[in-house]
Amino acid sequence: MDKKVVLITGCSSGIGLSLAVRLSQVAAFCLVYATMRNMAKKERLLECVKGLHKDTLDILQMDVTDQQSILDARDRVVEKRVDILVCNAGMGLMGPLEIQSLDSMRRIMEVNLLGTIQTIQAFLPDMKAQDKGRILVTGSTGGLHGLPFNEVYCASKFAIEGACESLAVLLQHFNIHVSLIECGPVNTDFLVNLQKAELGDASLQKVDAHTLSLYERYLQHCGSVFQNAAQDTEDIVKVFLDAIQSPCPAFRYFTSGVVPPLIKLKITEPDGSRYISAMSKIIFSAEEQ
Ligand SMILES: NC(=O)c1ccc[n+]([C@@H]2O[C@H](COP(=O)([O-])OP(=O)(O)OC[C@H]3O[C@@H](n4cnc5c(N)ncnc54)[C@H](OP(=O)(O)O)[C@@H]3O)[C@@H](O)[C@H]2O)c1
């Protein structure tokens, strides 16, 4: 059986790194191209594979916001085809909307939305020509329901849902399966790497006191959710493997195994008011007491 050629974006840490390590261990099945924008960060991945899997893992530079770097990485794939494309690179932006600069907001959209789309664009013609392929995208529950103080991040992830769902309808005619792996909180470098307004930052001085107190409450909530309920990257990798190994993969996979209740609420109560009050209560209830 021909090995599947897998290319993954954002492998310097977190989900991408764990997925690259795990897939490179399934030597009978995969050849892995782990890509990252900053090759100075490759030691962490190399340490994780401990010098093993030289035949199944290669590391390439790829910045998803730089079209030339995507095309260069594509051209360095020895097999001249990618069977499984994993669009995983992403970053967060957190804080009151009124302090976000146009540059920061553009950056998030460029990485999370346009970066994902232009990566898919680069590999799509070859997949169509082969009449087969898999595209997996690391989605977020923040792409299915809104989260206060994450407006632009959620907008980028909501947009990914629309782009992927639209593509999935078309690509089934080319035997190309698109799947979103919808993650809740995961223990990665995400919280370290995200652009976040810290309490005490000069940028927050112009924000009104009520918003600031809600933001403080949100940060506490977020900290406790990550501390108590975050999944490990291995849990996420298992879901990726399920999708990759399924002969007929679903469009959406929830890493918690079930549709989270707040997302169900959006479907059962489509006017949205119950979702908004439920989420507000969960995050800000201490503020109201
Ligand atoms: N962790 C969570 O709670 C969570 C929840 C839901 C969804 N997700 C999604 O999961 C994905 C992976 O995030 P993670 O949790 O593993 O966080 P992470 O550890 O911060 O990893 C993010 C990866 O994306 C890379 N990246 C950022 N900008 C890039 C660019 N322009 N080109 C190429 N790579 C770039 C980062 O590279 P650098 O090291 O160079 O910055 C890093 O390798 C993201 O799409 C994120 O939105 C995460």
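The backbone N, Cα and C atoms fix where each Cβ goes, glycine too.
As recorded in TrEMBL, the features of this protein are as follows:
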type	residues	note
ACT_SITE	TYR153	active site, proton acceptor
BINDING	10-37, ASP63, LYS157	NADP(+) binding site
BINDING	SER140	substrate binding site
TRANSMEM	6-34	transmembrane segment
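For ligand 1, the neighbouring binding-site residues among GLY10, GLY14, ALA34, ASP63, SER140 are GLY10, GLY14, ASP63, SER140, by Cβ distance under 6 Å. With a 10 A radius on its CB, ALA34 (NADP(+) binding site) counts 28 other CB atoms from all the protein chains. Least packed by the Cβ count within 10 Å, out of the binding-site residues GLY10, GLY14, is GLY14.
Summarising the environment of ASP63 (NADP(+) binding site), the number of other Cβ atoms within 10 Å of its Cβ, over all protein chains shown, is 18. Shown are the binding-site residues VAL26, CYS30; of these, the residue with the fewest other Cβ atoms within 10 Å is VAL26. Cα of ALA34 (NADP(+) binding site) to Cα of the residue listed as 'substrate binding site': a distance of 21 Å.
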